[in-house]
C-alpha cells in the first residue's frame, strides 16, 4: 500500500455523510500540525471547517476541499463496504474516493513531500476544508470560513479546489469557473371551488399558465465564450388536494436558474417579476442565491496548471465551466484566482464510486508541480 492509499484508507474510514465530519478534519489537522502547519478550526453549527497555513510571508496558495460525502444509498447494491477502501484491479472503491477524499489524500501527501523537499520555500501553503459542501448547510461552510479569514486580514492569492474536474483521465479538464445558481419558491393564491362552478372559483393553475409559457420560452441570453446560455428549469409544482372535482385554491412552484456572467441575480429576478406583472399576478416569491458565477480565464495560477497538465499527460487541458456549483463560488469574490483540478468524475455520487491508483499518483504529482511553479520558481 502506498502512502497516498494509506491516507485515503484512513479518510474513507470516517463515515462523514454531510454535514457530519465524523473525525476526518481531526485526522487532517493532526497530520498538518505534524508538518508545522498552524491550524484553526472555524466550526459553525453542524458544519466543521478549518484553515491551515505553513509559512509567514509571500504568496498564499490554498488547497480547498470538503470532507463530507453524499449518502451511500442502498448498501446492498455496493460490491464493497462503502466506508472501507478496497482495491480491485488497480481501482479503489469507497464513498468519496473521487468526490473528494482522493483529492484530499493527494493534498496531504503532496504537502508532506513538498515541505520535506523545500522546508524554507518563499511563500505560504494553505488548506481550507469544510464538511458542509454536499448538503443544504453550505452557507455554514466555506462562505463562513472566508468571512472569518477576511476579518483576520488573511488574503488568499491562489486557490485550487480539489473537486473531481476530470473527464477521462486526471488533468484532461480544468474548471476555470462555474455558472451562478438562483432558486425561487413561488406561491400563488386562488380560490378553491367545485369544477362544475368555475365562475365561483379562481384557478391558480390557469392563472399562472401564460406566465410559465412566457418564462419557459424566454431566451435569457446567448452565453459567451466561457459560458453556455442561461437556463431556467421548473423543478416542482404542487396544487393542493387530489380530488378530481376540486379547483385548487393555491399553487406552489419552484424554479432554478443556472446563469452566465451575462446576467446577475437581480436582472433575473426583475425579468421574472415583470412576467408576472405583465399578466396581472402578484405572487409571493422567496429567492435564494446559491452562488454567483465566477471565472478565472487568465493569471499565473491558470498558466501554471495548464503547463503542469501538459508536462504530465502530454496535452493541454480543456478549460470548462460546465457542471454544477462548487465552493469556488465563495472564494473567487474575494479577488482570488480559483481553478478546480481533481480526479475523474465518472462515478461520483454513484454506487461503487471509484478512482484509479494511477490517477491518484498523477494528481499528487500535478499538485506538487503547481506548488513548485507558484512558490519556488
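Sequential numbering from 1, following the chain as shown.
Positions of Cβ are set from backbone N, Cα and C atoms, glycine also.
Some features that Swiss-Prot has for this protein:
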type: BINDING; residues: 66, 99, 163; note: Zn(2+) 1 binding site
type: ACT_SITE; residues: 68; note: active site
type: BINDING; residues: 99, 134, 349; note: Zn(2+) 2 binding site
type: ACT_SITE; residues: 133; note: active site, proton acceptor
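A map of Swiss-Prot features onto the structure.
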| residue | record | CB count, 10 Å |
| --- | --- | --- |
| 66 | Zn(2+) 1 binding site | 33 |
| 68 | active site | 27 |
| 99 | Zn(2+) 1 binding site | 27 |
| 133 | active site, proton acceptor | 27 |
| 134 | Zn(2+) 2 binding site | 23 |
| 163 | Zn(2+) 1 binding site | 27 |
| 349 | Zn(2+) 2 binding site | 15 |
Give me the sequence-ordered set of same-chain residues, not including 99, 134, 349, with a C-beta within 8 angstroms of the centroid of the Zn(2+) 2 site's C-beta atoms.
69, 70, 96, 100, 348
Additional residues surrounding Zn(2+) 1, by Cβ distance to the 66, 99, 163 centre under 8 Å:
65, 100, 103, 133, 134, 161, 162, 164, 326, 342, 348
For residue 349 (Zn(2+) 2 binding site), which of the listed recorded positions (66, 68, 99, 133, 163) have their CA atom within 10 A of its CA?
99
